[in-house]
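Feature list (source: TrEMBL):
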type	residues	note
DOMAIN	70-192	domain 'Type II secretion system protein GspF'
DOMAIN	272-394	domain 'Type II secretion system protein GspF'
TRANSMEM	169-191	transmembrane segment
TRANSMEM	221-241	transmembrane segment
TRANSMEM	375-396	transmembrane segment
Amino acid sequence: MKFNYQARTAGGVVQTGTVEAPTKDTAIETLHRYGLIILEIAEEKKGFGLSLGSELPFFNKVKSQDIVVFSRQLAVLFDAQVPLVQALKTLAEQSPPTLKKIVVEIAGDVDSGTALSQSLEKFSKVFSFFYVSVVRAGEASGRLQEVLNYLADHEERAYDLNKKVKGALTYPIFIISSLVAVGAAMMIFVVPQLTSVLEESGQELPVLTKLIIALSDFLRGYWWLGILIIIGIVVGIMYALKTPAGQDYWDKIKLKLPIFGNIFKKIYLARFSENLSTLIKGGIPIIQSLTITADVVGNAVYKAIILKAREEVRRGSTINSVFASNASVPPMVAQMIMIGEQTGRLDVLLNKVAVFFKKDVDNIMENLTSLIQPVLILILGGAAGVLVAAILLPIYNLSSGL
């Protein structure tokens, strides 16, 4: 659900925008976390007409790569002393159609006196709270040019990391999908031909063979039911993951997965470190920086850790007091945070942590195939072994008895 709001900042500036949240209370809580005093808030009303720009999200989606290009080009134009409105209009002319509409509207808002951050906030599905908050901090501190360069670098690194992760997962997904497809084909076309031979022999079949034959008969006679079951399971999982409880459970499971659990941990720690470092460099207060970082870290486990650290900072304690006592945070990270807090160079040391974990993730991604090959070989070998034991051994026993 989307909610339009009008709120006042701690400095007394009135701003309007849109926030996404499952309920109105959650939207209010989110805005309060960002230090806003709500004047008005109401659910955004949707029209009944079908329009490509608002009612068909599949066609309306802005790719993350488009945001990377937009951020980098805006930073370059701003560095070249091109006025902001002119820079936005220039980018609009060369942006993809969906993003072009957004950039044109942003340029119009800025030209009429609206702050860039306030205009970006209207498009919360395209520009995250993190993105908007960093721009707002740059406007407030007079360092917008520097902040735009931070954002361009940040968006590029985030995009590259996501691309590498997706690319690395393609191979195991392809292998497992192929295994399932080949297994189903054998059950439907090959096993029935062997079944007739075994049944005509009159010998007692092993339990495993009976199970394989029963599964083959089911797939041949009720293949449509099998498809419905698979669709139902997929839809059920997708629905469960959209609920807070389901998402929290999955976030915990991800960190415990063999091989991939360690990769996910490093990705989230790199994201936490880089985002918090960027926000601190942008001049955003530490409490607000932790709030924003918690919202964009992407995992409920680490979000809870960050929010707990925020409360400790409010009480006058340190971030490290929470991180050092949590098993999900490596000692090295806690040590770097402690040194950063003690020396006043937290943003610098967090950036070093982010660089370290990103390099580590890059190395793992490059060698991921060799890491998961033993697992895939075991799966393939196990599947082949089951088929051999269930079908070929009874045939061998039959031929031996002749």
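All residue numbers here begin at 1 and follow the chain in the order shown.
Using N, Cα and C of the backbone, Cβ positions are placed for all residues, glycine too.
Taking Cβ pairs closer than 8 Å, the transmembrane segment (375-396) reaches residues 172, 175-176, 179, 183, 186, 191, 194, 197-198, 203, 205-206, 208-209, 211-212, 258-259 in its own chain, all 6 or more past its ends.
For the transmembrane segment (169-191), the list of distant contacts is 212-213, 215-216, 219-220, 223, 368-369, 372, 376, 379-380, 383, 387, 391: same-chain residues at least six beyond its ends, Cβ to Cβ under 8 Å. In the predicted model, residues of the domain 'Type II secretion system protein GspF' (70-192) average a pLDDT of 85.
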